[in-house]
Amino acid sequence: MTQPIKLLVGLANPGPEYAKTRHNAGAWVVEELARVHNVTLKNEPKFFGLTGRIMVNGQDLRLLIPTTFMNLSGKAIAALAKFYQIKPEEIMVAHDELDLLPGVAKFKKGGGHGGHNGLRDTISKLGNNKDFYRLRIGIGHPGHKDKVAGFVLGKAPAKEQELLDAAADESVRCLDILIKDGLSKAQNRLHTFKAE
């Protein structure tokens, strides 16, 4: 990996009513990473989000969960990245992914937004730069595009939530590998994982 990751973002909608909805799966990864490292995320109004800072394998990693609504996520990411002079290719955005099943997660470098409003705004606010990393947390698909909005804003049943949590936990372990050993090794581990 040529660039180290300096910022991990978990996309979410703000407020307790959204906390356990599928659309907030990206934020669960950041929350779990903060918990593992015993760091409390603090509200930082100038960055429009909850922020923290940890060390992973001797490397500084900033954490961010935007407190804007999902479709304005890029505002928070761009504000923090500009302040700390973090380039798009040093950012990883964790987000829910309709095209992957619950219990599955994958790393990806670059690409489009795939209809995800949080990614769409992030690309836009980073000057149409798509070169950031993504951590895609599978939530499954409701089967028809007209059902997507209600599905992502809904809460998963208990068994499905266990799969989502397991994928988020494994993602946290694989982030350590990514930072220490690079993308391909982390992909080899994460992409063969499937919670049952």
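Backbone N, Cα and C atoms are what each Cβ position is placed from, and that goes for glycine too.
Positions annotated as active site, proton acceptor by Swiss-Prot, on the basis of sequence analysis: His23. In sequence order, Leu11, Ala12, Asn13, Met70, Asp96, Val152, Leu153 are the residues near His23 (active site, proton acceptor), counting only same-chain partners six or more apart with C-beta under 8 A.
Swiss-Prot lists Tyr18, Phe69, Asn71, Asn117 with the feature tRNA binding site. For the recorded site, Tyr18 (tRNA binding site), the DSSP three-state label reads coil. The Cβ neighbour count for Tyr18 (tRNA binding site), using a 10 Å radius and every protein chain shown, is 17.
Per Swiss-Prot, site 'Discriminates between blocked and unblocked aminoacyl-tRNA' is recorded for Asn13, and the stated evidence type is sequence analysis. Cβ-based neighbour count (10 Å, all protein chains) for Asn13 (site 'Discriminates between blocked and unblocked aminoacyl-tRNA') stands at 21.
The site 'Stabilizes the basic form of H active site to accept a proton' annotation in Swiss-Prot covers Asp96. In the three-state DSSP classification, Asp96 (site 'Stabilizes the basic form of H active site to accept a proton') falls within a strand.
If you draw a 10 Å sphere around the CB of Asn117 (tRNA binding site), it holds 17 other CB atoms from the protein chains shown. Sequence-distant neighbours of Asn71 (tRNA binding site): residues of the same chain at least 6 apart with a C-beta under 8 Å from its C-beta are Asn117, Gly118, Arg120, Asp121. Cβ neighbours within 10 Å of Phe69 (tRNA binding site), excluding its own Cβ and spanning all shown chains: 16. Close to the recorded tRNA site, the chain also has Asn13, His23, Thr68, Met70, Leu72, Ser73, Gly118: residues not among Tyr18, Phe69, Asn71, Asn117 whose Cβ is within 8 Å of the site's Cβ mean position. The number of other CB atoms found within 10 A of the CB of Asp96 (site 'Stabilizes the basic form of H active site to accept a proton'), across every protein chain shown, is 25.
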